[in-house]
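Everything on this sheet refers to the single structure shown next.
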């Protein structure tokens, strides 16, 4: 909804460079001029477009790496699993985060092509690609720049001749793009603030409250986190079996390349599979910066966006998994007795494809002819927006400002009008019995939805908020339920000062 609002603003003459993610509204505006369709229809159609881009280029990359035409088919199958898409922080919704991850497959394809046969046109194409990444999502553009740099360095070090790192085209491109990325980020105040906050979080002496809270939550859940992981990432974990096959071959090739010999290495039939082991090994090394970014954002505790790096990592894993599946098929026995294995493999792949398809536009309601989600979900928010009287509003899982944008798509920052802040601060994890009403210096309105409560207590297995937390809101003095229509509940949280006054009055 927020990106639909930006598309409306650009269509009405707003400066494109003043938007947070200029790539999305500019693409919508170009398509609107060409097709004469509404911005909403175009925005929803971008999902299938980027989905097809990802599937096609994963297939093309797999064909490059397996050196066989059937690698294209295997790559398409893995692409259809949508492994980078998960239910935590990356969704196939109209959002630059998801689209940029899928779009990144073009970058790896161009990189492999350029390393094998460098020329000016390929260099220019890769340069333009990263510019587009920066315009779409600077966070993943940084991922891509780091990935290309490590890719180029690994390529040189695996060469039999002396490495010439500075002359590698990928290193050259990533160096120039790092300067452009830094310039762009520092020119955007919000990016600059986030960047500085992450650095401060890393350099701080103590562990942040957010990071410590996550650790306590996981300790409380115990084995429950295993169930949650399987529920959210079962398809990814299943596919990683084939990724392990490809990884073993690539590491064995690298070990032999380095002159290591052992009976274990000789037992790995490297020459029996048609694979560009050097390129596969170099792609595996590109996980290093992605894992590093994941750890940095998790440890800093500044944002909740660390899981986005998991999505980007699974994009790279999709390539390795596709190669591993192709290698597994090549090593499979050709005799009739292999029919059983083929049936099992077919069942596994079919199940994975069906499961992955459920994450693609998981709700048909988003195709309704309206500027926001269903009326039932917005009705309560609309009522509260009319009567909140300037009190700052916040939510648990569903951000309040998304509904503000839906109701007033023409406003540049309706969230400021309704919530009082640019980006709301949700209540702390597991706030039950933590004197929530005494945490704030000003009164607050806390809004929850039926869907959000179900997500917290059922799907996410109480990982952030539990049934006890929501029950706490109904019984705690200093917190009053002011609205409940079944879909939306509103609680007025008295500030620390007003809560103390009420408690004194009650005691008297």
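Including glycine, each Cβ sits where the backbone N, Cα and C put it.
According to TrEMBL, the feature transmembrane segment maps to 41-60 (among others).
Look at TrEMBL and you will find 72-93 (among others) tagged as transmembrane segment.
Feature annotation from TrEMBL assigns transmembrane segment to 99-115 (among others).
Note on the transmembrane segment (127-153): residues 21-24, 26, 96-97, 99-101, 103-104, 106-107, 110-111, 115, 165, 168-171, 173-178, 180-181, 184-185, 188, 191, 282-283, 285-286, 288-290, 293, 305, 308-309, 312, 316 of its chain, located 6 or more positions outside it, place their CB under 8 angstroms from a CB of the stretch. Annotation source TrEMBL lists transmembrane segment at 127-153 (among others).
The annotation transmembrane segment is assigned in TrEMBL to 165-187 (among others).
TrEMBL lists 232-255 (among others) with the feature transmembrane segment. Residues 78, 81, 83, 86-88, 158, 265, 268, 270, 273, 275, 277-278, 280-281, 284, 314, 317-318, 320-325, 327-328, 348, 352, 355-356 of the same chain, all 6+ positions outside the transmembrane segment (232-255), place their C-beta atoms under 8 angstroms from a C-beta of that stretch.
Per TrEMBL, transmembrane segment is recorded for 278-302 (among others).
Feature annotation from TrEMBL assigns transmembrane segment to 309-329 (among others). For the transmembrane segment (309-329), same-chain residues at least 6 beyond its ends with a Cβ under 8 Å from one of its own Cβ atoms are 54, 58-59, 61-62, 65-66, 68, 70-71, 74-75, 77-79, 81, 83-86, 88-90, 97-98, 101-102, 104-105, 108, 140, 143, 147, 236, 239-247, 249, 273, 275, 280, 283-284, 286-287, 290-291, 293-294, 297, 345.
Here TrEMBL flags 341-360 (among others) as transmembrane segment.
Here the transmembrane segment (99-115) has long-range neighbours at 24, 46-47, 50-51, 53-54, 57-58, 60-61, 64-65, 84, 90, 122-123, 125-126, 129-130, 132-133, 136-137, 140-141, 143-144, 147-148, 151-152, 155, 169-170, 279, 283, 311-312, 315-316, 319, meaning same-chain residues at least 6 beyond its ends whose C-beta is under 8 angstroms from one of its own. Counting same-chain residues at least six beyond the ends of the transmembrane segment (165-187), those with a Cβ under 8 angstroms from any Cβ of the stretch are 111, 114-115, 118, 123, 126-127, 130-131, 134, 138, 141-142, 145-146, 148-149, 151-153, 155-156, 195.
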